[in-house]
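**Q** Pasting the feature list from TrEMBL:
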COMPBIAS  1-11  compositional bias 'Polar residues'
DOMAIN    108-244  domain 'Peptidase S54 rhomboid'
REGION    1-26  region 'Disordered'
TRANSMEM  62-82  transmembrane segment
TRANSMEM  110-132  transmembrane segment
TRANSMEM  144-169  transmembrane segment
TRANSMEM  175-196  transmembrane segment
TRANSMEM  203-221  transmembrane segment
TRANSMEM  227-244  transmembrane segment
């Protein structure tokens, strides 16, 4: 697995203000794995697959989840294509496959809190979600372990769907892994906040986050955009990131 830069790399560095820490943080980007693989500079040559998904390996849980989501997406297209949209399943198909329908959850169909994590609205939606979740998920797995990665992904994803169902109760159908993806982004934002005082190239960090959030928001925009679920996943993911790094040496005192 490629060496992916995470908060733990900074925690093992010299104390704040030392030249070693300043040099590492200031060279080639942010702690977020959104532009270049860890340890590389913007001018270095890396393979396209490592550029897109640094540290990718097929045994990772996030890769397995992604393959399942692809299979479900293909099955949903086979069950019914929406007219006038690019490779999008029909609303009826999404309902059949377990989309978040608050009225149905209320009468006991609780599987609709987790099934939406495997559904997607169209080709762009699934491609953007897969890209972001793989890039951030691989980093989280390396730092926190696969069990914690799955706990954040599914735990926060389901809770965000629950909040969305409670807030937007009537006449709403939601589908997509975006609630879980925003949870992963929230963890990364928490790490960024904790090491902000030690980052020299802050502009790159901000741009990385903005690009990531932009693509996920744009890919989710449409007939089933779930803003409440997105915000809920982001906030709970941020809280999880703070908790996971509670004992970090690099956080501000």
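Please read every residue number as a count from 1 along the shown chain.
In case you wondered, yes, glycine gets a Cβ from its N, Cα and C as well.
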**Q** Averaging the per-residue pLDDT over the domain 'Peptidase S54 rhomboid' (108-244), what integer do you get?
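**A** Summarising the domain 'Peptidase S54 rhomboid' (108-244) by its mean pLDDT gives 85.
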**Q** Give residue numbers and ranges for long-range contacts of the transmembrane segment (144-169): same chain, 6 or more residues beyond its ends, CB-CB under 8 A.
**A** 60-62, 65, 100, 102-103, 105, 112-114, 116-117, 133, 137, 177, 179-180, 182-184, 186-187, 226, 228-230, 232-233, 236-237, 240, 244
**Q** Would you list the DSSP helix, strand and coil counts for the residues of the domain 'Peptidase S54 rhomboid' (108-244)?
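**A** Here the numbers are 110 helix, 1 strand, 26 coil.
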